[in-house]
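As written in TrEMBL, here are the features:
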REPEAT    22-62  repeat 'WD'
REPEAT    63-111  repeat 'WD'
REPEAT    302-342  repeat 'WD'
């Protein structure tokens, strides 16, 4: 029997009772990116980008330009004083090109084809009005797609992820190393930049799979062998680390699983997200909540799904959403656990025989165990069943709903059923009022 939690038909706290199935892609849909409050883009292995209306599920544009699968996507919006906000998106592909698209017209603005390898990640530095591409090199580009500067060839593995840091710095994941680069303005008075390598962090034992910014002072990284490291974003020193996600002795309230060996996939940190207080880690099949102040795991769901968790997000309330290779999307609520008071040490007659001392030691051991025990727990409050294959990621649109994409070629937009019903009733009422059909009869 699977140790994964189950939830019945009655899902009172799950508002997503309506769904729109968006069919357009011909292959795995790997990426969803938000354009504005009501539009998003989807992309994947078919090399096509689709733009959607999150309110209606309408397909707005179909963008053709890549010949192979899309490997990275990023929004790139400009805001000029004289013009309205211009929404652009960047897409990188295995065909070794990057294309800039205009989201208003659905047209290709420009294409760059000078890459020596596949671009695996894209990051926009909005404040500097430049964007970065990561592959075998780190390249810096301006809005006109002029190459401002680039690093020398790093490794054959190349950069797998990029993260913006303070003081015009970026962190690049290159295998198990984290390389810090700084962008420095050119001395000749031009708009050019130089990119300098300033530090290499080699604390991880295996490939870095995920990076997340916590705030202006802190960021975190996760690796293939289950390491989570919290870093200072200004001087890049290690603040804290957690490497025992799979160790039942560290989380004594969990049922230990009997296993001969631990598969790397079961302990790899696939995705990280964060708020000001905690880092939320998708580790193997589980979800772990790491408190930054306490520097320990305060809650976990070791088998949140039947297969690896691919993406997690913290909602504005105390809820989390996770999606998995098993095709499910689940909603969790972080709740406080009622702590039992420590039992007092017996006194009197037993102390004569030294029992008090033994009990004191036992009490200290119990207290230590209580300190290690997670003080919160994750309760399953919703299960969204709709996809037939691995759910790659999702986008949360607040009251508009939730978009999910999958290896089944589908995008599903999950809606709040009660809200949609009220909106339909209101629309019908307004239409009847306009037609003069609402007349009081006595």
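Indices start at 1 and increase along the chain as displayed.
Glycine residues also receive a Cβ, built from the backbone N, Cα and C atoms like all the rest.
What TrEMBL says about a protein is an automatic prediction, not a curated fact.
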Positions on the same chain near the repeat 'WD' (22-62), where near means CB under 8 A and six or more residues out: 68-70, 72-75, 87, 89, 91, 93, 95, 101, 103, 106, 392-395, 397, 400-401, 403, 405-407, 409-413
The repeat 'WD' (22-62) - residue tally per DSSP class, helix then strand then coil: 0 helix, 23 strand, 18 coil
Helix, strand and coil totals (DSSP H, G, I; E, B; other) for the repeat 'WD' (302-342): 0 helix, 21 strand, 20 coil
Helix, strand and coil residues within the repeat 'WD' (63-111) as assigned by DSSP: 0 helix, 28 strand, 21 coil
